[in-house]
């Protein structure tokens, strides 16, 4: 069987398109919308635009420059850090709507007036996804003529702000596990009495923003610390490949062992797949596949998802919580559309029952969970609706969007903006409007109807494919972001000597040039471990054909027993080749890492190899750390309902 090959790394661009096109052709009834005509879609799109400006103008008039609007009392409040949060979170929505005047004025104001040398203790997670993501997205739009939103006077002010902010977040990562504290003081670092407990989402939802910043600033430290955090979480997964909700960042012990796809965990899954799509790092793809497979096996009770004990798999909460509603959209990106359709329909049935989705809905009693009766204008259901319509062009999703829009207009609209709903049964309004309403909820609604009307925006017609962050920020798959790391080894071999010198041809790659190359033709892979259909190829790298290794070992993080057995078997080989290669890469690892590197080749050579189908060589280096725990599992690539060959097809 011929191995799956991937062309020069346009794969991140094509992966989205391939999954969506495949879904559109395979699903029955995937025709152009019937229920909502293009003219009605244009009217609904314009109504959403008016919704945005009602809330945005209310914020600018009554709350700016405070963080958020109190839409009932028409006042402002500082809820996160006191740096015009809602404005920064709204920047790329202004650009998406084509409002160049307000976008330019907002960018100019932020560049001149926002600063982060303030004595404020802030959430690392929220500051990353809302502020850092908002600054980076707006920078990438404002600095590029190809977007049509280039600001003539712009001189990278937002990028400088983003780099300064990220530097102030870095002290949070100074923990034994590499998993960051949940909060950090922007002026003084981590507070002395800061909690050592953080959420899985808090530690695993940093890779996109920090990774982009590394590529834009040529400072690899941001990407390194966030990858180490992901590894720190994944290396402590249970034998079932499940992760809990809360973890001690010093000991690595799980303090809440409930595994689910919603509260405290949700975007951990999301950023694994999106980091692969944006950066092309197959380590993230492998972890996502393993995590997704486990979630579908232990959490999925078609069409619902429950929370289980991460070690036993026993159900502990038969609960739908509103944050789960992002999952069908993620499944669309992964190419697993059929279960996404069923789950979305179930989730929307809750919305139809109450007019909104409560924070918690008890599946055992079919009632709103006590203490979780509110709807804080969350975007997740409409986000999945947009992706399912984009994949299927099924008119039912426009009907869903129309119903959601009607609920927001009649239930949440208030004098100066849109209000939280404090109780989905009484529809009582609460005097809050979080910034994500403008960053996500309105954005996905507008994109849904614009797609049906005949798209005219930078996401659909612009020069790049875009990955949406968990806050809905537009992250373009540009060569600067997706290809900058072309010659760096994956899986922890960060360009040797390049920690502060960016990406590209590295000493690490050169040093391995005369290492223990393994000719593909000479490898005899035991059929009991893998088949050639599981081999993933990229220019300059070979993965999946290391005899005697499990997939977990090859792709980075394994359990101690398995690790010790392998190291004992291969110690003579490692001694023969020396320890210099190991020492250059182990400093950033918190668990066993398999490094696969290749001598630096020119882009012309890589292009030639890609076209000619020539086979590459690999240099395999094994490092270990005795801190990893638990017992070994033999993991294989693949997920129920998600075929990695389909995901990579035509890429």
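Glycine is no exception: its Cβ is also placed from the backbone N, Cα and C atoms.
Any TrEMBL annotation is an automated prediction that lacks curation.
Annotated in TrEMBL:
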ACT_SITE  126  active site, proton donor
ACT_SITE  266  active site
ACT_SITE  359  active site, proton donor
ACT_SITE  380  active site
BINDING   470  Ca(2+) binding site
COMPBIAS  603-617  compositional bias 'Polar residues'
COMPBIAS  633-642  compositional bias 'Polar residues'
REGION    603-651  region 'Disordered'
SIGNAL    1-33  signal peptide
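Here the features listed in TrEMBL are painted onto the structure.
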| residue | record | Cβ neighbours (10 Å) |
| --- | --- | --- |
| 126 | active site, proton donor | 21 |
| 266 | active site | 25 |
| 359 | active site, proton donor | 21 |
| 380 | active site | 24 |
| 470 | Ca(2+) binding site | 26 |
Taking the Cα atoms as reference points, how far is residue 359 (active site, proton donor) from residue 380 (active site) in Å?
12
Fill in the CA-CA distance, residue 126 (active site, proton donor) to residue 380 (active site), as an integer in Å.
16
Return only the integer: C-alpha distance in Å from residue 470 (Ca(2+) binding site) to residue 380 (active site).
9
Separation of alpha carbons, residue 266 (active site) and residue 380 (active site) (Å):
11
